[in-house]
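Enquirer: OK, Swiss-Prot features for this one:
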- 27-242: topological domain 'Extracellular' (TOPO_DOM)
- Cys50-Cys124: disulfide bond (DISULFID)
- Asn55: N-linked glycosylation site (CARBOHYD)
- 148-234: domain 'Ig-like V-type 2' (DOMAIN)
- Cys164-Cys218: disulfide bond (DISULFID)
- Asn215: N-linked glycosylation site (CARBOHYD)
- 243-269: transmembrane segment (TRANSMEM)
- 270-526: topological domain 'Cytoplasmic' (TOPO_DOM)
- 504-513: compositional bias 'Basic and acidic residues' (COMPBIAS)
Amino acid sequence: MAVFPSSGLPRCLLTLILLQLPKLDSAPFDVIGPPEPILAVVGEDAELPCRLSPNASAEHLELRWFRKKVSPAVLVHRDGREQEAEQMPEYRGRATLVQDGIAKGRVALRIRGVRVSDDGEYTCFFREDGSYEEALVHLKVAALGSDPHISMQVQENGEICLECTSVGWYPEPQVQWRTSKGEKFPSTSESRNPDEEGLFTVAASVIIRDTSAKNVSCYIQNLLLGQEKKVEISIPASSLPRLTPWIVAVAVILMVLGLLTIGSIFFTWRLYNERPRERRNEFSSKERLLEELKWKKATLHAVDVTLDPDTAHPHLFLYEDSKSVRLEDSRQKLPEKTERFDSWPCVLGRETFTSGRHYWEVEVGDRTDWAIGVCRENVMKKGFDPMTPENGFWAVELYGNGYWALTPLRTPLPLAGPPRRVGIFLDYESGDISFYNMNDGSDIYTFSNVTFSGPLRPFFCLWSSGKKPLTICPIADGPERVTVIANAQDLSKEIPLSPMGEDSAPRDADTLHSKLIPTQPSQGAP
């Protein structure tokens, strides 16, 4: 069994994905990591050790270090060498294997020039034939920032404002103010903002009202490293000005003039802003009209898609209607087939597309962790090839709390809200694959100008188990009735997108009518 030296999140998903062989027997060894997290300083090197128990040579084993996903990995060592093609781009040239003790089962992952993004959990994974074991190793990253600096500003009311600043801290530091007698007092305001590298810039302000205060110190502490930096400032008595009547009079006059100026600017803004707002609303309305037209034209090419059980991963359970699928912890005993996925928990649709336009919808509901789209019929189904267009996958996914297009560097998708149903439109000749949020018909993402070679098939993948299935929506009975605008670029005239044959009474513009209807999956899975 695997040894987990420190507590962590459930790793059910990673364990399921790693079951890529028909039968994984219990390994004749354990994998043991360090009992405590490894502490590393930004810019320095870190080593994450793990070992086999009992001691045995690991030269003939596959060794894989990975983070949240098995592939791409931080480092893969197989057949006596490192597999750079399977390595995450951010670790290329930085992550190497320390194998001085590999003959005794002792190895370590060395990360050069540690970054803030390296902080977190790593999995040390050993595999021999059909057996594997793993252990978790936690890396904690820290950085001691610059020497703090205090700036002083004397306000008109006689109070003194001090601001203490410093850069380059990780994790977020603590700020503490002290008097010359060691008395502590809190900040009036604090801010901690990360830069592009994840290092925090801290700024803390305090108001000094006690004129007896002579010296004030600012301490910035990194609790993880147990270190702090300090700066002290002396407050001269001459810094406390006296308020005279003429200063008060000037302040009142300036305040009145400021209020009059603000009122004048606001009135002018209100006067000239009404017309541009109307134009923006008109442009936004036409933009929504174009999106609705694009989606409705796509539904004219709706096809009936069903799931192909011969391609389904053994942990995927298909419903009787071949329209719904869910991921389970248990593994089915299925016949070995070349077309079956044995590593990624995926399944293909039965339908094959070699030309034309095709549209279908998938009910994702409120389940998390999925990927859907289109792939080549001959994609690699054995092993952990990355799901990218270069490998024949064109898909979008929900993973963790984010939506992504599965491009080589994974493109984040800033959606207005989580889609409960996703429409997929394939235009083979144009080389376009579009995804729509069927909550409102808006675009999610489009792969454009792709040169397809060979048959394409619908593609579905689940990253986490649960009772809620992924469901393909069936085609509604009867002919589809959608009005198509002859010239979609000419929106100078308001052309309603109402169903043909109905009256032209106004309808709720936010209500979308699809050629596909939702389905309730069967109560039981096969």
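Heads up, the Cβ atoms here are built off N, Cα and C, so glycines get one too.
It should be emphasised that the depicted structure is a prediction, and the values quoted were computed from it without experimental measurement.
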Enquirer: Run through the domain 'Ig-like V-type 2' (148-234) and tell me, per DSSP, how many residues are helix, strand and coil.
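Expert: Once the DSSP states are binned, the domain 'Ig-like V-type 2' (148-234) shows 0 helix, 56 strand, 31 coil.
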Enquirer: List every residue in the same chain as Cys164 (disulfide bond), at least 6 positions away in sequence, whose Cβ is under 8 Å from its Cβ.
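Expert: Spatial neighbours, sequence-distant, of Cys164 (disulfide bond): Pro148, His149, Ile150, Val175, Trp177, Val202, Ala203, Ala204, Ser205, Val206, Cys218, Ile220, Val231.
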Enquirer: Within 10 angstroms of the C-beta of Cys50 (disulfide bond), what count of other C-beta atoms is obtained when all protein chains are considered?
Expert: 27
Enquirer: I want to verify one value. Collapsing DSSP to three states, which class is Asn55 (N-linked glycosylation site)?
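Expert: In three-state terms, Asn55 (N-linked glycosylation site) counts as coil.
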Enquirer: What does the structure give for the C-alpha distance between Cys50 (disulfide bond) and Asn215 (N-linked glycosylation site)? Integer Å is fine.
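Expert: Checking the Cα atoms of Cys50 (disulfide bond) and Asn215 (N-linked glycosylation site) gives a distance of 51 Å.
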Enquirer: Cys124 (disulfide bond) to Asn55 (N-linked glycosylation site): how many Å between their Cα atoms?
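Expert: Distance (Cα to Cα, whole Å): 16 Å.
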Enquirer: When DSSP states are folded down to helix, strand and coil, where does Cys124 (disulfide bond) land?
Expert: strand
Enquirer: Please report the Cα separation of Asn55 (N-linked glycosylation site) and Asn215 (N-linked glycosylation site) in Å, rounded to an integer.
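Expert: Cα to Cα, Asn55 (N-linked glycosylation site) and Asn215 (N-linked glycosylation site) are separated by 61 Å.
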Enquirer: Within the domain 'Ig-like V-type 2' (148-234), what mean pLDDT does the predicted structure show?
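Expert: In the predicted model, the domain 'Ig-like V-type 2' (148-234) has a mean pLDDT of 90.
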Enquirer: According to DSSP, which of helix, strand or coil covers Cys50 (disulfide bond)?
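Expert: Note: Cys50 (disulfide bond) is in a strand by DSSP.
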